[in-house]
Ligand code: HEC
């Protein structure tokens with residue numbers, strides 16, 4: 001598993017890898033965030049014309065779905081209550097999804113390897129995963145920086161050296177750090193789940209901007225991230241069938257944990 005970090009050039013301080021280069025062609029030019037306002041206005045109208053008010057009765061709020069994104073349904077996340085019962089198996093699978101699918105674009109800056117211990121993995125497993133990543137450390141007594149294998153206290157490596165590099169690799173868009181994403185977004189876990197599973201064809205006549213992708217749950221309905229989860233994309237060690245919704249549920253369970 002952890003070798004993925006190194007093979008994607010994810011180790012801290014590494015330069016951009018081939019992976020990033022391919023990604024930038026996949027997500028072609030994203031004009032600018034400025035376009036978002038104009039877009040929102042346009043898509044509100046389209047929404048009303050295409051859907052009217054009937055199918056999304058529950059989701060209608062003061063603002064239109066196009067502005068705020070479609071309101072996600074509420075799912076029963078296991079850790080939502082006061083008496084938290086984490087689904088460790090799901091969190092573990094979710095880390096695998098993060099590592100194999102999301103980690104090539106999204107950092108998890110606030111999460112150290114040790115945060116996984118007892119949550120998704122045993123201490124030995126975490127040590128092994130950390131050890132497979134190279135970190136730059138130093139300076140040593142000679143004033144030189146050096147490479148060493150990761151340890152429990154190290155943070156999960158980021159895919160890009162800095163924000164500029166992240167944008168270059170994603171045609172101008174910045175993949176946000178995922179450490180606090182569930183808390184940071186209105187709708188939390190339900191929103192992230194709905195976003196990951198909610199890519200659909202745009203309504204007839206709706207023009208999706210070049211380089212963006214239609215997703216009714218995203219505020220403004222178009223975002224730079226394409227659909228990334230497809231049935232069978234990962235192979236779970238515990239034999240759970242990796243359907244799109246299973247992977248989405250697992251990765252959200254993982255991101256939802258208070259590390
Ligand atoms: C190929 C690169 C890439 C991959 C792989 C990827 N993302 Fe993204 N993601 C992006 C970019 C770029 C954005 C910013 C989109 C925008 O602002 O238009 C983004 C945005 C997001 C957002 C924020 C949406 C919002 O409300 O602002 C979430 C949540 C997210 N990604 C989750 C994930 C998860 C979970 C995975 C793995 C299952 C994943 N992404 C895989 C590139 C990627």
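Backbone N, Cα and C atoms are what each Cβ position is placed from, and that goes for glycine too.
The heme c binding site annotation in TrEMBL covers 102, 105, 106, 225.
Annotation source TrEMBL lists domain 'Cytochrome c' at 89-241.
Maximum C-alpha to C-alpha distance over the listed heme c-binding residues 102, 105, 106, 225 is 11 Å. The 10 Å shell around the Cβ of residue 106 (heme c binding site) contains 22 further Cβ atoms across the protein chains shown.
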